[in-house]
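One structure is given below, encoded as structure tokens.
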């Protein structure tokens, strides 16, 4: 570091120290634990001993600075070896029992649960690798040599104190231009930005035209009429953006390359907020007009607002009354559709309040003499979509034939698929289960592949009232289950029965429950098969659309797979076709804890086994698993565990956490490095598809803009 950086770093460390230390200006063990956020006392006490050089049971500022200086400027391998050599809490060499104790604490610190037998395997894998002379113990030099065999880990190794002792890079933040002003952002969002510009210009033209036509009524009357004309357009356009069947059809045409169809939900929200703003301004302008009129006429202000006596409006003077009701209803609709309502487990509030759109449109027809002219064509399309949806949902018998309850509170529904039901990978449906809620419809992504002709899969995470009721309904012992023999009578496919019978377990329910399905509806993931290099990123239950897509990809991949008749050697022909142009697929799955990987591990295992041994351009499908609750490899507390997991994975050719061949990486992905590697592979134009939390979507989208990748996000 330069002199200026050293000075700034010292100032920052001193400031952080003062915020942690008490009035005695020293840090004790409890304050140290709180600052480092270390779960295990086992590690906290040994970290504390590294800093407490005089053994006074407290850390002074001088002790902290000296220890940090050694860690930063000293030999990383030596200090890490010293830490791990002494972390066992005794002198001398390290024996297997002591190493096992340390690794067990590492597992608890990383929130990883493994059987005792697996812990023994991890211990022996690391011990046998480090004990070069087979003496039955690990010396300091052997441990140091073992650490040097993991350069990718040691390169960025830090102690946990870095979390609160790293100064912010203020200068870099000042130099960076706002993301929305960068050329990359404008290039990657050109369709959306162009659409918004056209929308804004059209709104301005409508507003200006209406004002000029009503200039005789005064300024506020002109404003009210301008807003009214914009409301005519927006209250119709907000419906057009949610014509899901029309949008699904348009996704298969050239229009998808011109219009931002994949962002219809975002645009719907923007138009909704525009309606709220226009409504408030429209009402305010009319109230001011009514105040002026009440001064010149016999009617009072409240009569203008709340009665039909002044005779304002084309239907028996009801414009003012309907306007007040519309103002209240629109405000409630916007409020109940806010993120904090939808994401806080109260989806039903959003759902039922949004159904009031029928009353809003009905009142608008009464309120405004010209609204029906704007509404007639889109309204007919909307009604036609609803009729088709009702007809499709009631055609044929759809029954839930199997339910699997996963410990992570995910309900896996297996629905008997009717012959007429066709969908694309990644599509979603609306489902209604009368036994759960008679009138409620909820959207979920289909997690099975279209090539799987006999059943339809849904994986539903318990997050709100309806999803929790669903999970609890099937968890009860008295839930409507049927025996496999009785189920056979409702299934024409005997092969399906054999599959179901083979999977019997305590978390599986076999049933015959009526349900209704509306859809399928298209999503941005329909673009995957037109991509050359697809990067699929799922966070938590966000894997569901990619479960369907990955299965479909591998079905098509098998058609290209070639096998040698004389041996077990297999390879995949590098053939591009109209159905699939993919040359490479990277699948990234990020989960918080170990338990969440249970959702699709069996599917991913099968996909790994399906891949050919050798391919002309390398592995077609690469998987990358991340567990965010586990300590990252550059954390000193985790290095021993990660070394053991790496060694055992190489030995068994299987990950200890998931059982996959793909090694589960601890912590969060470093997106810059991940996308840099993707960029260097040169497999063609990169398209990134994401499903998960909006916060992570912003991070990934910013990286896509930096590397020039196309970004697609699931929206419901």
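All positions are counted from 1 along the displayed chain.
A Cβ is built for glycine as well, from the same backbone N, Cα and C atoms used for every other residue.
Whatever TrEMBL says is automated annotation, not expert-curated.
Here is what TrEMBL says about this protein:
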type     : residues : note
DOMAIN   : 39-74    : domain 'EF-hand'
DOMAIN   : 118-153  : domain 'EF-hand'
TRANSMEM : 193-212  : transmembrane segment
TRANSMEM : 270-291  : transmembrane segment
TRANSMEM : 311-337  : transmembrane segment
TRANSMEM : 349-372  : transmembrane segment
TRANSMEM : 378-401  : transmembrane segment
DOMAIN   : 393-527  : domain 'FAD-binding FR-type'
TRANSMEM : 534-557  : transmembrane segment
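Long-range contacts of the transmembrane segment (349-372) within its own chain (CB-CB distance under 8 A, at least 6 residues past either end) are made by residues 228, 231-232, 235, 239, 313-315, 318-319, 322-323, 325-326, 329-330, 332-333, 336-337, 341-342, 379, 440, 442. If you look at the transmembrane segment (193-212), the same-chain residues 6 or more away from its ends with a CB under 8 A from one of its CBs are 186, 222-223, 225-230, 233-234, 259-260, 267, 270, 274. Mean pLDDT, taken over the domain 'EF-hand' (118-153), works out to 75 on the 0 to 100 scale.
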